[in-house]
Structures are given as structure tokens and as C-alpha cells.
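Participant: I have a structure I would like to understand better, so I am pasting it below and will then ask my questions one at a time.
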Amino acid sequence: MKAHPESKIHTATAAVETTLISLISLGIRVSQWIGYFPLSIVESKNNSKLAFHPLSFPLSCSFIFITWQTILLIEWYPALIDKLDTSALLPSTEVVSFIIHGSLIAFQAIAKRVIFICKRNIVLEKWSIFVTDLTRISSSDEDGSFLISIDPTAKHCNIFKRVKVSVRNTVFGSVALIFVLVSEIFVTFVLLSTGKKGVAKRTGISLVGAFSLVSWNLFGAFNVFQSLWVTFPIQVTNACLEMIGEEMRLVYGGGEGGEEDEMAGEPFPDVQVKKVVRLISVDEKKLQLCIINYHRTIKILKSYNASSANRISFEIVYNSVLILSFLFLGVTWISTGEIIAALSRLIPILLCVKIIYHLGTEAGKVEINQGKILRKFCRIPKHLLSVEMKGRVSSMIHELSGDTLRIEPDSFFTLNRRLLTSIFSTILTFLVVLIQFREGENRSK
């Protein structure tokens with residue numbers, strides 16, 4: 001008795017969603033613990049799915065972090081005003097930079113969590129569409145040639161395992177930098193406190209102050225984990241493009257540089273040259289599936305590009321402004337003799353750079369993978385194709401060569417590694433201008 005088509009679709013969708021959750025499971029757990037991901041993983045039998053529950057642990061973490069950050073903001077605001085009144089931050093450029101830096105950290109620590117909770121239904125809807133689109137690719141071939149899975153029996157499991165490894169490395173790298181940041185701040189605070197008189201009486205106050213200071217900077221550093229959710233759809237589509245490229249390699253039985261022959265059929269011995277010539281035949285059915293799944297992947301990518309344009313642009317601008325404020329404050333602290341305070345800005349700068357670099361690296365791979373697929377289409381022996389398939393292959397070559405795949409949020413910029421160079425050039429230009437303004441204000445006073 002054959003299974004109902006709707007039952008097959010539901011099973012395939014559940015399998016793909018389970019695979020996707022498995023790929024980013026570590027990122028989900030970390031994001032839940034730090035209050036950035038209020039959704040829960042619901043497991044049933046061998047399947048997993050994302051859902052929202054009002055009495056769940058992730059939502060509780062979100063409210064705890066929002067409350068704690070609000071308390072810190074209320075506690076630190078009077079101290080911030082006193083700091084601006086009594087410190088060496090006299091020029092208006094320094095004051096503005098200090099305020100912008102604090103406001104950005106407070107915004108991303110509180111507002112991002114609140115926005116995610118309020119837009120949870122939109123997030124779940126986008127996730128459902130993403131899973132459905134990938135299911136069409138995964139179930140397109142009954143032989144499992146395009147199966148999206150990390151099961152060892154799956155044909156392309158290694159491609160998707162690399163996505164999971166990439167997520168794990170990103171999380172561990174971020175955790176390592178945050179640990180260094182927290183250790184540096186705490187040790188610096190303790191060393192500065194022990195240099196004062198009456199340390200025994202101030203120990204409790206010092207520990208509370210150190211904890212508050214570490215918490216404030218820790219909440220600011222947690223933003224580094226947001227890049228996981230921005231880049232994950234790009235990583236999965238890149239994996240799909242790699243999978244299509246691998247299947248293209250098998251379309252005509254050749255590798256990256258497979259030989260082309262003028263004849264088709266079974267291998268036969270060439271009597272004159274005394275060697276076996278491998279003859280090529282083209283699997284037009286697999287070729288057709290590659291073309292269809294390529295267009296499905298492009299649809300996913302373009303949909304993501306349109307729906308996530310504002311978020312990508314915000315992350316780029318947000319981290320660029322933070323880098324500029326960190327650098328300017330670092331220069332300010334150095335000029336006032338606060339070398340330790342200046343060095344404490346180094347790790348936050350690296351975290352911001354890490355986010356932009358991660359976004360640019362994953363987005364840049366899209367164009368690289370498209371180029372690999374184009375080369376494979378160009379190597380197909382067209383004389384072995386049917387007339388209809390020749391036209392489709394020619395159209396694909398024109399499409400691949402003329403419509404370059406790029407992540408371009410609102411067409412403002414192209415997201416790749418080169419963007420990091422452009423951003424740093426712009427930041428350094430603004431930094432020089434701010435320093436000149438600062439020096440001008442100092443001379444006028």
C-alpha cells in the first residue's frame with residue numbers, strides 16, 4: 001500500500017527541518033541561554049521543530065536579560081553623567097562618541113530581544129517558508145541525489161556536515177573572545193581596586209562594581225552571536241549550490257576536467273592505439289534536475305536577500321559605527337594616559353570585525369559556487385544532448401555568466417570580503433576627521 005502524497009511531503013518537510021535544526025543546534029542553545037532566541041525546540045520521535053511557548057526556558061532567559069540590562073542602565077546612567085562631568089572627556093566629539101557607544105550597546109542588549117519576542121510569528125513564518133523551499137530540493141529525486149541530510153547514508157552528507165562544523169567553530173571562536181574580554185575587564189578592575197586604600201572595607205563594593213561592569217560589556221559582546229542567524233540561510237544555500245555542482249560532475253560521468261569524446265556508448269578497445277577509450281553519455285534526467293534545483297536555490301537566495309536586507313544593512317552599519325566609536329575612545333584614552341582602558345577596547349573591536357568578516361565570507365562564497373557550476377555547464381558535451389536540452393543548457397550558460405549571484409541589501413553594497421576593506425577605509429577616514437575636530441576643540445579651549 002503506497003503512502004499518501006501529503007504524508008510523504010509532511011515526512012520530507014519534517015526531515016529537512018530536523019536536519020536544519022541539527023546544523024545550527026549549538027547556535028540555538030547559546031542564543032537561548034543569552035536571551036536572543038525565545039523559540040523552543042520541540043522534539044517528537046526522530047523529528048525536531050521550532051515553536052514558541054509562553055512558559056518556556058528560552059523566553060524566561062529573554063525576560064531575565066532584558067530586566068537585568070534595564071537595571072544596569074538605570075544604575076549606570078547617573079554614574080555616566082558624573083563620568084562625563086569629571087573625566088577628561090571635555091571636547092564635544094568625545095562626549096558624543098561616548099554617548100553613542102553606550103546607547104548602541106544598550107539598544108542591542110534590550111531592543112533586539114524585545115523585537116525578537118514581538119516578531120516571533122514573522123520569524124516562524126519565514127522559517128517555515130525556508131524549510132518548505134528546501135524540501136522541494138531535497139525530495140526532487142527519488143534516488144536521494146539531492147537529499148539534505150547529515151545522515152552518514154546520505155549522498156552529500158559531508159557538504160552539510162561542513163555547515164555544522166562552521167557553526168560550531170563560529171560559536172567557539174566567539175566564546176573564546178568573550179572569555180578573554182571578561183577576564184581582562186575583571187582582572188583590570190581588581191588590580192585597580194587593590195591599589196587603593198581601605199581595600200578590605202571596599203571589597204564588597206568592588207565585587208559588585210566589577211560584576212556590573214563585566215555584565216555591561218558582556219551584554220554588548222553577545223551581539224557577535226547574531227551573525228549566526230544572518231549567515232545561516234546563506235550557508236545552507238551555499239551547501240545546496242555545492243551539492244548541485246557535485247551532481248553536475250556526474251551528469252556526463254566526468255570530473256572537474258573530464259575528457260570529452262566525439263562518440264557515445266560503452267567503453268571499447270581502440271585497436272590502433274592499444275588502449276581503452278572511455279566514452280561519455282549524458283544523463284539528461286539528472287541534468288534537468290540540476291537546472292530545476294539551481295533555480296529553486298536562487299529563488300531561496302533572492303527571497304532571503306529581499307526579506308533580510310534591512311537586517312543585514314543594520315548589522316553592517318551598527319558594527320561599523322561601534323568600531324569607529326571604539327577606536328576613537330581608544331585614541332582618547334591613550335591621549336589622557338589611560339592605556340589599560342584603551343587596550344580594553346581591542347576585544348570589542350575584534351568582535352565587531354568578526355561579525356562583518358563572517359557575513360562577507362559566507363556571502364562571497366555564493367558567487368564562487370556559481371562560477372564552479374558555470375564551468376561544469378560549459379564542459380558538457382553538447383553534441384550528445386537532445387535539441388531541447390541543448391537550448392536549456394545554452395540558456396543556463398547565458399544566465400550563469402550574465403546574472404552573477406550576490407548578496408546586495410537594497411542594492412546599497414555587495415556583501416563580500418572586499419566590503420571589509422571598504423568599511424575600514426571609511427572608518428579610518430572618519431577617525432582622522434574626528435581626531436582633527438577633537439584637536440581643534442582642544443586648541444580653541
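Here the Cβ of each residue, glycine as well, is placed from N, Cα and C on the backbone.
So TrEMBL says this about it:
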- 55-77: transmembrane segment (TRANSMEM)
- 89-111: transmembrane segment (TRANSMEM)
- 171-192: transmembrane segment (TRANSMEM)
- 204-225: transmembrane segment (TRANSMEM)
- 316-333: transmembrane segment (TRANSMEM)
- 339-357: transmembrane segment (TRANSMEM)
- 419-437: transmembrane segment (TRANSMEM)
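Can you tell me where each of these features sits in this structure?
Facilitator: For the transmembrane segment (55-77), the list of distant contacts is 32-40, 106, 109-110, 113-114, 116-117, 212, 215-216, 219: same-chain residues at least six beyond its ends, Cβ to Cβ under 8 Å.
Long-range contacts of the transmembrane segment (339-357) within the same chain, counting only residues at least 6 positions beyond its ends with a Cβ under 8 Å from a Cβ of the stretch, are 173-174, 177-178, 180-181, 184-185, 188, 192, 217, 220-221, 223-224, 226-227, 315-316, 319-320, 322-323, 326-327, 329-331, 333, 417, 419-420, 423.
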Participant: With Cβ-Cβ distances below 8 Å as the criterion, list the same-chain residues six or more beyond the ends of the transmembrane segment (171-192) that contact it, or say none.
Facilitator: 26-27, 30, 206, 209-210, 213-214, 217-218, 221-222, 224-225, 228, 340, 343-344, 347-348, 350-351, 354
